[in-house]
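Have a look at the structure below, then the notes.
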Amino acid sequence: MTGSISGEADLRHWLIDYLVTNIGCTPDEVDPDLSLADLGVSSRDAVVLSGELSELLGRTVSPIDFWEHPTINALAAYLAAPEPSPDSDAAVKRGARNSLDEPIAVVGMGCRFPGGISCPEALWDFLCERRSSISQVPPQRWQPFEGGPPEVAAALARTTRWGSFLPDIDAFDAEFFEISPSEADKMDPQQRLLLEVAWEALEHAGIPPGTLRRSATGVFAGACLSEYGAMASADLSQVDGWSNSGGAMSIIANRLSYFLDLRGPSVAVDTACSSSLVAIHLACQSLRTQDCHLAIAAGVNLLLSPAVFRGFDQVGALSPTGQCRAFDATADGFVRGEGAGVVVLKRLTDAQRDGDRVLAVICGSAVTQDGRSNGLMAPNPAAQMAVLRAAYTNAGMQPSEVDYVEAHGTGTLLGDPIEARALGTVLGRGRPEDSPLLIGSVKTNLGHTEAAAGIAGFIKTVLAVQHGQIPPNQHFETANPHIPFTDLRMKVVDTQTEWPATGHPRRAGVSSFGFGGTNAHVVIEQGQEVRPAPGQGLSPAVSTLVVAGKTMQRVSATAGMLADWMEGPGADVALADVAHTLNHHRSRQPKFGTVVARDRTQAIAGLRALAAGQHAPGVVNPAEGSPGPGTVFVYSGRGSQWAGMGRQLLADEPAFAAAVAELEPVFVEQAGFSLHDVLANGEELVGIEQIQLGLIGMQLALTELWCSYGVQPDLVIGHSMGEVAAAVVAGALTPAEGLRVTATRSRLMAPLSGQGGMALLELDAPTTEALIADFPQVTLGIYNSPRQTVIAGPTEQIDELITRVRARDRFASRVNIEVAPHNPAMDALQPAMRSELADLTPRTPTIGIISTTYADLHTQPVFDAEHWATNMRNPVHFQQAIASAGSGADGAYHTFIEISAHPLLTQAIIDTLHSAQPGARYTSLGTLQRDTDDVVTFRTNLNKAHTIHPPHTPHPPEPHPPIPTTPWQHTRHWITTKYPAGSVGSAPRAGTLLGQHTTVATVSASPPSHLWQARLAPDAKPYQGGHRFHQVEVVPASVVLHTILSAATELGYSALSEVRFEQPIFADRPRLIQVVADNRAISLASSPAAGTPSDRWTRHVTAQLSSSPSDSASSLNEHHRANGQPPERAHRDLIPDLAELLAMRGIDGLPFSWTVASWTQHSSNLTVAIDLPEALPEGSTGPLLDAAVHLAALSDVADSRLYVPASIEQISLGDVVTGPRSSVTLNRTAHDDDGITVDVTVAAHGEVPSLSMRSLRYRALDFGLDVGRAQPPASTGPVEAYCDATNFVHTIDWQPQTVPDATHPGAEQVTHPGPVAIIGDDGAALCETLEGAGYQPAVMSDGVSQARYVVYVADSDPAGADETDVDFAVRICTEITGLVRTLAERDADKPAALWILTRGVHESVAPSALRQSFLWGLAGVIAAEHPELWGGLVDLAINDDLGEFGPALAELLAKPSKSILVRRDGVVLAPALAPVRGEPARKSLQCRPDAAYLITGGLGALGLLMADWLADRGAHRLVLTGRTPLPPRRDWQLDTLDTELRRRIDAIRALEMRGVTVEAVAADVGCREDVQALLAARDRDGAAPIRGIIHAAGITNDQLVTSMTGDAVRQVMWPKIGGSQVLHDAFPPGSVDFFYLTASAAGIFGIPGQGSYAAANSYLDALARARRQQGCHTMSLDWVAWRGLGLAADAQLVSEELARMGSRDITPSEAFTAWEFVDGYDVAQAVVVPMPAPAGADGSGANAYLLPARNWSVMAATEVRSELEQGLRRIIAAELRVPEKELDTDRPFAELGLNSLMAMAIRREAEQFVGIELSATMLFNHPTVKSLASYLAKRVAPHDVSQDNQISALSSSAGSVLDSLFDRIESAPPEAERSV
């Protein structure tokens, strides 16, 4: 080392500085753990750098060294290490490393075993607690094999089901390992498991996995089964490009090497059960031969198929009792198990050099083979003894020196005695009788984990050696009589045993034998504990915890996990040690947060805040991006001082203390007092001289502190007197000169103390200048920010101005300052300032500086006496300086750090920057903060300054403690399997799902199992009726119950207990049904009968077989006596409409025939008499069960929620009912928010009960399909789109219309145009131009009846001054409906086409356009009701000349369009639904606490929900109007109130209990006088102003167009059109914060029977557009039905029609979610409807996101970029199978698992989307969404286009979404007329 480079840390800093200077990085971008290549060092750069290092270090440095040590940290460590001489000890040790018997250190371990074991510590606790992980096979594990023929099912039933199973083997963190979901699905879960556990093992070892890149690290992985690959390849149609690598055994090791970029050996080892111990042996050999420098040895085993179970069963190897009893007399075989284990190995000398924790030392190992024994799978005693002798010879120790052996110990009749004799013969011989060899086997706890068995035993043994204790061998009670333990000098450890004291290190052996004959044994020894050198273990006073993760969510998860651990198991670990491991022994990740703390309590609180994403002292949350290059140090003026500042820094920050000490002599000389003493003693600075000198001293010391952490200024700016410190830092002045300037300035100003003042005003500069115009002695002293200025002048005038500003409701306050600079009072001081500093000789700054002294920022100041005299007088142009720095021509700066003891300018800085450069990313930080721990505050700000990677913290001495490993974020990944349809099962029996019955004998003495199999088909249901739930057929619960009850009856049981319903059975497609009864348990499961992506078994119900028939009858009688009698005071009620009650809950139909004869209700009891038909082919049990289940769910008629059965504690069957009449008695025993519990008894009149259910529990569903548990209908598209309410919101997108060709079904060749009639406003000119195009004018005497084309030109003016918009709409509706009637009555051989022309409705700017807008809704209904006579509706511009439109109309007449058409500038536009996307334009709604909010229709069910919603958003005052008044409050308690009125009152009271003032007013919103009276009364009472409107009033009156009457139309339009117009006039744009109009999707989709309602809602849509254009936050919300409310009958009709496309109604919760979502966007009209993505040809919906190619050239550049980003995001997210909203546009595709196959698929879809041919390497050349969009933008629109041209064109193949909807709706039956 040279004088300037004294160690590794110095060399690291030198390398960072070199890269910053020569490669062009910023310090924040230089990650010392990234490879030099990743940091931009090319081969040429490496050659130059090697020469620089050779000269610096005085030794030869080769460029090759950069490849062997590829990171800054690794290179610094290598170059700083002493170079060994040939005869040095190091050389001797290096030679020793080549020895084949060098000890190997175990430095890290990881494991995952059943029983909740996820780490070595958990395994130790598990073993010491004598626990066992053995259980029966998980219910779904073998489901793919349960759908075979009966003989297969029988074999499966006879197969042992005992095992040790991991849960959730389908769970994997694919994103973390940068693997796409598609590839992860095809990966053997053993590969996935190994990736996670290996990462955990490396973290346990304290080795950041990222540091192993390109290193000679070997991977040796034991595995012996590839069942997943076999399953995945069984169906060739499912095999893809991932299948081979996903299922290959070799990839198990290679996958880890690939992900970590390891260059050592990568070997998959398969020697069956000895695989993992052989892997350890091979890893040790590879380390000793220097094939690798670090080795990862592993074993993994998963049991996915029953085939191997079956094979071992056949030879009697598996324990029928489900226990591994190694060495016990009752041993009857082993139990198979799952798990994974990983160990990290190093040569011992390397581990000691690196300060690693050495958990144990491998002294030797050996591997042999049985050769030819008594059979391939039979053990060979001689071979076992040979491997033991070889291992101990290799270890260099006597066999008698080993204390304990972890035996193979499977618990088999043959294997245990053979192994015991081999151990005793080799290792037991010569031992004293009282010191036997101790043996045990982990298989007694975990089962035989096969390929992972050796490493399981190895990890257990390492833990035992560490802890000095040996866990007990489970299930050892009586020694195996075939093993002479005493003679062999061996003992089985049957209790927790202390390690015997032997006088030598603890030593143990581990054995593992493969069933093919490969034997392995490893010898280990206790490792030596590493202790830090004396004096090196001092803990820092403040610690920084760096919590890293690939995403912000992962950072949060890690922080929460660490907090839990520090409060629990890690409570004794020192905070500094936690920081040590976290900061230096974890991999760097793209995102990180930091926590700075002095103690554990602060650290835990900070971690909790970081986990929650909250702000807290010391916490810096992950940055969303880098602010860009360039750092500015900003030096504030006076005011940041506080007593105690810097005291902690002096104690805890050496760089700060050194800076103060270096400054101290000159400071004392200039200031006359000690800066050190003031800071150390926490003294207060008093007087202008002390304050100004103390602050500059503080600023100079803080500057050195920042620089010591690598944060250097690129530019400096000083504010007022802060410019002195800035000049010193820039190099223009020395510290002594700076202190002299400050001392002179403060001394001259001191006599003026108290003679003037300054004030901070919340005003911009022009406003301030206007304010002080009348005060000539007051000046604008400081331009602080666009919103802040500071004035200076006489105190009295300053106070007067403060009063004036506060009167404007603006902030104004005096500045606490002794002397006010920057005003004319300074003029008298300037000469003295020039004189006293005349000899000042400043230098040229070495760092850029912007002076705030001059208005012209381009002034290059000379920091001499003249400058400082001017500085104290001139205004401070701080705002201008900051704006210039943030957007300068020489390059913008993005990080601004205020160097002061308290932040005064940070907010002003950020305000200025955001005003100057909106949308740019900047960071504005302080340094310290008043009255806080200044070390914690500084470190926190330091961390905020590092956004790319955290600041480097000193590396404490080793060892480091282990802390919890990375928390995974698992998602499910599994293959799909497919079986041929109809291969299994017969049709089910009538009334049940039971099919063919098979009895299956079991291996043990247990009773036989029973299996019923059937095939359920939609066209062959076992019940006569239907049971449709939201348009999907669901097998009723009664049939499911009847099924398992019938099976129980066949087995001699008449009762069931513990019935649990898990999933519904959807009967919309064929399904295979299995009922299995085994050992008093019964269950029903199903699987799709045909191969589909969801082809897996689903369990629907489980129960316990219970009680004998006699017991059951007794129970029934007792239960009937208790609950079967109706209460004495019961009264008979009217029989409710059962079908209506069910329909309200989304259920259509009954599966069985039964009717209600009487209904008697009292309190919680209900008795219902039911009648059954005389002929019941399926018997009476099914109908009775069906009645009981349905009626119990309806026991509270007033509760309209949907209830589904969840469980039954007991259900019993009695005698079969023979009569037609039975009674169902219901007793509701519990009723809460989650559901109800009911006891049910069914009996014929006066007879013994035939059915009893105790504690029938229903759960309430808020969402019809309960998609969290059940599959939605297949036609609904992706579940996410079906369930995420934010996906329900659409806008209307107007796109150029597709012109159909002559062969199009909707096109008609017009060779002989027929007569045309023009009706309505100004049709003469239009008629003339049509005549010129060949159309004949109709004879008007009978024109309409004879015309081929009828064109109605909408009137644009009212009939008179008093005609309101409602009157106008009624009049025009009457005219048009009469016209439709006339045309509809024409003969079929005289077709006609009706067209309507409107003007300006699209924009709705003019009143005449708004008035016509209702016609849009009416037009859609006419098209739906009368498609045979509908032509279309065309909207012209408001000023279009009808005569000029004639030729275009002539072309359109022959092309009927169900869509509304808009013609602008010669282009015809058609509507399409478009999802709402992009960034929100406003924050979520928050009501003002001092305002009131009006809801019309507010007393209805919908209005009251909206009132509650507003209350949730802070509304304190609500005005609810309705046409029906509420009774006086004194009558609110009366029992005579009806249910509906009671519901309204209860809702209002609930609001009032929340603190909301509710004013319920009876008013007709359509009546202008009523509304004016309401507002006038509020004004008189001084009520709070109304700041928001929700117009929810409305009624429906269903009529077909041909039946509509004027009165009916008026009734519907009055509240909608009339009410909205009254509200619009009463609350003009700008008077309210929001104006919401509750409309209906009927106005969009054209629902038969809804002409007037659709028309009224279209008016609301237009009014919203009109107000929005006037700057008012107005939105029309076009809803479908709200479930349970029936917003209107029309909305239900919309839902019924949309259900054919997979849509549905929505819950209130979903409605409000959608509302809140769309409210953030600048949208006038929102269509809220669940719309599935359109399915592809195969029904998969894979192409749902594709859009026709656009005409990019006519779009603005910003729009092109936005469209491309959104479209590409959809395409790529779909292919990568990640949620679109989680696809970061800046994240490289490679991190998401992109590969060439996926790239080709994305390329194809992108070509269709963009419309141009794309390169195959496109995604790799442009690896993020953002960069790809930028590239494509240049391809498709190379020239910037005006922002005004926003029209996008569709290709000729494009179709309108609405066209499709109308096509579906037009088939509505003509009898759609109905009443509400």
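Note that Cβ sites are derived from N, Cα and C of the backbone, with glycine treated the same way.
Quick caveat, the model's predicted, so the values are computed rather than measured.
Taking the Cβ of C273 (active site, for beta-ketoacyl synthase activity) as reference, residues of its chain lying under 8 Å away and at least six apart in sequence are, in sequence order, C224, H408, H448, E450, A451, A453, G454, S512, F513, G514, F515. Residues annotated as active site, for beta-ketoacyl synthase activity in Swiss-Prot: C273 (among others).
The active site, for beta-ketoacyl synthase activity annotation in Swiss-Prot covers H408 (among others) and rests on sequence analysis. H408 (active site, for beta-ketoacyl synthase activity) counts 32 other C-beta atoms within 10 Å of its own C-beta, drawing on all protein chains shown.
Its own atom aside, the Cβ of H448 (active site, for beta-ketoacyl synthase activity) has 30 Cβ atoms within 10 angstroms in the protein chains shown. The active site, for beta-ketoacyl synthase activity annotation in Swiss-Prot covers H448 (among others).
For S720, the entry in Swiss-Prot reads active site, for malonyltransferase activity. Classification of S720 (active site, for malonyltransferase activity) by DSSP places it in coil, neither helical nor stranded. S720 (active site, for malonyltransferase activity) has a Cβ environment of 23 other Cβ atoms inside 10 Å.
Feature annotation from Swiss-Prot assigns domain 'PKS/mFAS DH' to 997-1267.
Taken residue by residue with DSSP, H1027 (active site, proton acceptor) is part of neither helix nor strand, so it is coil. Within its own chain, H1027 (active site, proton acceptor) has E1033, V1034, V1035, P1036, I1147, D1148, G1149, L1150, P1151 as residues 6 or more apart in sequence whose C-beta sits under 8 angstroms from its own. Residues or ranges marked as active site, proton acceptor by Swiss-Prot on the basis of sequence analysis: H1027.
Positions annotated as region 'C-terminal hotdog fold' by Swiss-Prot: 1130-1267.
Same-chain residues at least 6 positions away in sequence with a Cβ under 8 Å from that of D1186 (active site, proton donor) are, in sequence order, P1036, S1038, V1039, L1150, P1151, F1152, W1154. Under the heading active site, proton donor, Swiss-Prot lists D1186, citing sequence analysis as support.
Under the DSSP three-state reduction, H1516 (NADP(+) binding site) is assigned to coil, being neither helix nor strand. Long-range Cβ neighbours of H1516 (NADP(+) binding site) (same chain, at least 6 residues apart, Cβ-Cβ under 8 Å): C1487, P1489, D1490, G1555, V1556, T1557. Marked as NADP(+) binding site by Swiss-Prot: 1492-1551.
H448 (active site, for beta-ketoacyl synthase activity) falls within a strand when secondary structure is assigned with DSSP. When the C-alpha distances from S720 (active site, for malonyltransferase activity) to the binding-site residues A1492, D1508, T1524, W1532, E1540 are tabulated, the minimum falls on A1492. In the three-state DSSP reading, T1524 (NADP(+) binding site) counts as coil. DSSP assigns A1492 (NADP(+) binding site) to a strand. Of the listed binding-site residues, namely D1508, E1540, the sparsest CB environment within 10 A is found at E1540. Proximity of W1532 (NADP(+) binding site) to non-local residues of its own chain (separation of 6 or more, Cβ distance below 8 Å) is seen for L1526, I1545, given in sequence order.
It is A1492, among the binding-site residues A1492, I1548, whose Cβ has the fewest other Cβ atoms within 10 Å in the structure shown. Here the domain 'PKS/mFAS DH' (997-1267) has a mean pLDDT of 77 out of 100. Within 10 Å of the C-beta of T1524 (NADP(+) binding site) we count 10 further C-beta atoms, all protein chains included. For the recorded site, I1548 (NADP(+) binding site), the DSSP three-state label reads helix.
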